[in-house]
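Here's the structure we're looking at; comments come further down.
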Amino acid sequence: MNPLTLVRETTAWVSGLSKHVKINNEALDKECEDFLNKHKIKAHKEIWADNWFHYCDIDIENKESTFTELTAKYILVLDTLNFCFWPDSEFEYHHLARGLKNALIANPKCFDADQLIKVTSETIHQWFGKDLPNTSERVRLIREVGTVLIEYFNGSIKEMILSANNKASVLVDLVTKYFWGFRDSAIYKGKQVFFYKRAQIFVGDLWGAYQGRGLGKFDDIKQLTMFADYRVPQILEELKVIEYSPELKEMIKNKVEIPVGSEMELEIRAVTVHVVEKMRDYFNKGHCELLALEIDWMLWGRGEAMLDKLPPHHRTLTIFY
């Protein structure tokens, strides 16, 4: 079955049963209408390639350049490590992206598969000038990426991407099939629920960096959902689009850890996915066609810009986001 359909359908199911997280449809409609009044057209390229902390060596006017794999290697490592920074209050996504960018500039071969299998905690420290939360898991996941690329794709990320035949759904399926660390699913009320956050964001980042060409060309990019993390629900709650139960709201306010796989955690993530689906449908009806991933990036960027003013986000120790 299409993995992106699984994400969309199972998260909608959880949203319909959710006890701790509800959608405020009136606030949702207001946010969408306000957006439509301000932005009739939104280009995706400004959101990814124009971020100074990202590495991107693509010359979009040069067809050969859109098939070079250095940026793709960077993106795979980036999204392998793109999870759970909150235990370190002084480390955010842009620190991760910039640290990897600097490492790649210093040594363009550092993200080759035969180098990834040798990564240690000392390597991580060298890349960022400090230890990251859960370093041992990050090392394991990076080594897994190198091992899989060597065993199944001749050490070539380009070969892996091209084997998907320009299908985002196929590439997400490949990533979750071969890289166990990307298998982001859980059990809710006895039923498996799928998110595939880091697998999807890997495809979305390729599309953004390569601007939908070469290694970033995906004919079904519209099928990607948003990437369920902790920043987007944080901004949605601030905008009153989602509402937490008193118990959950108090836990988040007091920075109490929400157990991974708990009903509360899964409802936060699933309802967030479903909200973005509803926003996308609203925009499309308003003749402003946006992808779920574009809405995700805009909400995430809005949350990052308001970081000092936002209430706490939920805290869950996980390797998935």
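Keep in mind that glycine also has a Cβ here, set from the backbone N, Cα and C atoms.
Taken from Swiss-Prot, the feature queuine binding site covers PHE227, ASP229, ASP296. When Cβ atoms from all protein chains are considered, those within 10 Å of PHE227 (queuine binding site) total 30, not counting its own.
ASP229 (queuine binding site) carries neither a helix nor a strand DSSP state and counts as coil. Swiss-Prot lists ASP229 with the feature active site, nucleophile or transition state stabilizer.
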Max pairwise CA distance, angstrom, over record-listed queuine binders PHE227, ASP229, ASP296: 10
Other C-beta atoms that fall within 10 angstroms of the C-beta of ASP296 (queuine binding site): 27
Beyond the site residues PHE227, ASP229, ASP296: chain residues whose C-beta lies within 8 Å of the centroid, for queuine: LYS197, ILE201, MET226, ALA228, ARG231, VAL232, LEU293, TRP300, TYR321
